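Take a look at the structure set out below.
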Amino acid sequence: MYGSRYLTEQNNELQIDGVAVTELAKQYGTPLYVMAERELTDRLATVRDAFLKKYPNTYASFASKALTIGAVYQQVVRHGLGIDVVTGGELFIARKAGVPAERIYFHGSNKSTQDLQYAVKEGVGKIVIDHYGEIAQLNQIAGDTCQTVQVLIRIVPQVIGGAHTKIQTGGVDTKFGFSTHDDSYLQAVEAVLAAEHLVLLGIHCHVGSQIQEIELFERTARTMMGFVETIRERTSFVASEVNLGGGFGIAYTQDDQPLDFEQTMERVMAIIDEETTRLAIDRPRIGIEPGRWVVANAGTTLYTVGAIKEVQGVRTYLSVDGGMADNIRPALYGAVYETVIANRIKGETRHVTVVGAACESGDLVAESADLAEPVSGDTLAVFGTGAYNYSMASNYNQFLRPAVVFVNQGESREVVRRQTYADLIQCDLGLENIPSS
Ligand code: LLP
């Protein structure tokens, strides 16, 4: 049910791994992000067992932008995965959480000089170079500190995938990576090979996000091996590492049909093996970067139902005490989520539009929901919110960022506390010397 076996129904109420959701709402307040920790650790174990252990010379990095919190990073590392970061901020949190630097991949289409310096200083495992300027810049930074940096270059695979145009990255028209419809990527390879302080390991790509077609993963694998071949022909460099990126889709609603992770990797690795044989090379080290797939279905957001407004002949608005500040995805991508009244799952349903409390007409939680006899004070659960919700949350309208609670076999623990009003003004220098009235 609802994308995770840890979400169950007991006496017409929702439970998350043995804890009544109403209790969580009472204890920690709403809005609240709840993570079924075992859904997270089961998935990490699947990545470990069905990929890392099954295929030698592979690695997996959790795309930490999906859920950037210490408790997740710690589980990720415990399961043998590394972390992919895209800013100094993500790197800072990863290092604070104890992620070994060598297990970190640093991405980003426009990394700042400070970020590159920070990454080199920390000794991050690999830096994924995204554009020309970065080659000389990174070479210089590495040289200045007498270090050698291992790098991949990100290339455009010309494979387009992803559930929404805003999360497609693999086509020619993209800000990410070196173009492949001309010689840009080959020039990048030459430039990196010539850079004294950089060691080129191979190539990287990321096609898009929330992909549910196995054919796209297959095509990506084959295409990337094709680039390994062309690069060898044109530069005599043989890639020892190929990173296929993330993109594994999850079940948001009944309409989604996410791929089986193990089967997907079987197909991908079979293609890699075929291509390796064809090219008569050693199989490169193969990397993947799942983000959403690891955390999304573990997450449920709880809200308290407030105003219910019927616009005669039009629709009924049901307002909750959060919205776009804690989940921007419906507004940004038209994302659709499943929702229930957690304290009354079944009952006579009422068709409503669930909206948030921000001062925006576009603050949507669920455009169309059939909820059981909803009344003010009910707890509304929104499923599949573990990825790109907390990490994309804002303080718009000065809503406080909700707490994150992990639930595991009947126990709950807060892993991120709710923000306070004091947190809202921490950086506001203009408020510093004003005496309180
Ligand atoms: N690797 C790279 C280089 C990426 O850019 C991304 C995601 C991933 C891996 C992880 O992709 P995943 O496995 O999570 O699909 N905010 C959007 C998603 C943006 C994804 C950006 N890059 C959303 O809420 O749908």
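Cβ from N, Cα, C; glycine included.
Among the candidates G202, G208, G226, G247, the residue that TrEMBL annotates alongside E289, P290, G291, R292, Y388 as binding pyridoxal 5'-phosphate is G247. Cβ-based crowding with a 10 Å cutoff singles out Y388 as the top-ranked of the binding-site residues Y333, Y388. The two recorded residues K65 (N6-(pyridoxal phosphate)lysine) and Y388 (substrate binding site) have their Cα atoms spaced 7 Å from each other. In the predicted model, the domain 'Orn/DAP/Arg decarboxylase 2 N-terminal' (50-296) has a mean pLDDT of 95.
Around C359 (active site, proton donor), the same-chain residues six or more apart in sequence whose CB sits under 8 Å from its CB are N397, listed in sequence order.
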